[in-house]
């Protein structure tokens, strides 16, 4: 009972309250940002259907992560208001089992969907000549595989979970005695996978950006490569953010975990809650996507404005320029035709001249060879 009361005191610690409020705020802010993205940009981005399927997985992941984070924080403060004693504030793990599994599944789905986007863009780069005419089978298969891999990984991770273990919130992972170490392993595997994906993304981005600077390929290939560049440019910051946040979290919390037994009661949980960056990642992901889309729109408007400014010529001048161009092209074409016809005309003229001279010579010889008539 004494240990229960000691753990229940976490609910009243200012540093722990700050961590929960911060997490809940991030969760709630995810939804208006997603609404802005879907309203302003979702129907103005014309990507291949395969890519759209995989990017929608990221949207679903952000919705799940943001929603569960907001729910966990709300449930925390509701319990704080209605539960009378510290022991009543604690939750049994079986109450949160599905919520924890869904949160970890959504977080793992972020990485597997990024891997799917990498494979899809790699195939789009390889078959750039005919990828636009290919169907939606690749995107559907990659999306199913991404969901299946994430679900299988979380199912294996939660197998040793103790349903009777007492926890403060449903998103308490690192302090869990039954699955805490396994969650760290999953985060570390995600960190390695995201690092590999980031490197390959960078290679694909530079290849697609530099392969056709002179526009020597077909218009369809140029469009597909441009789509590759835009997509990889948008996804790469998300991968970098994921690598940095997970890496920093694993490193710092692992160090504190070594000295867990030497810290005052509840202080490891307080430190872990304030450093637990995963509940903030949907807010950071959506914010990065919104900023990238806004910068892309601003860049596109500037390019369009510069193009219009370079063509800002009065109407009469445009007419004269067009007429001059027509005259120039007509004269050059006429001269080319004349040069092409000059050689055959010269040959015909030479042969006809020789025939005429030959006939005249025959006539002259014939006249000279006529004998005189007798008188």
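Yeah, the Cβs are placed from backbone N, Cα and C, and that goes for glycine too.
Database features, via Swiss-Prot:
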type: TRANSMEM; residues: 17-37; note: transmembrane segment
type: TRANSMEM; residues: 51-71; note: transmembrane segment
type: TRANSMEM; residues: 99-119; note: transmembrane segment
type: TRANSMEM; residues: 138-158; note: transmembrane segment
type: TRANSMEM; residues: 183-203; note: transmembrane segment
type: TRANSMEM; residues: 236-256; note: transmembrane segment
type: TRANSMEM; residues: 275-295; note: transmembrane segment
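Proximity of the transmembrane segment (51-71) to the transmembrane segment (275-295) is established through 3 or more Cβ-Cβ distances under 8 Å for residue pairs spaced 6 or more apart. Among residues of the same chain six or more beyond the transmembrane segment (275-295), those with a C-beta under 8 A of the stretch's C-beta atoms are 19, 22-23, 26-27, 29-30, 33-34, 36-37, 40-41, 58, 61-63, 65-66, 69, 72, 107, 110, 171, 173-174, 233-234, 237-238, 241-242, 245-246, 248-249, 252-253.
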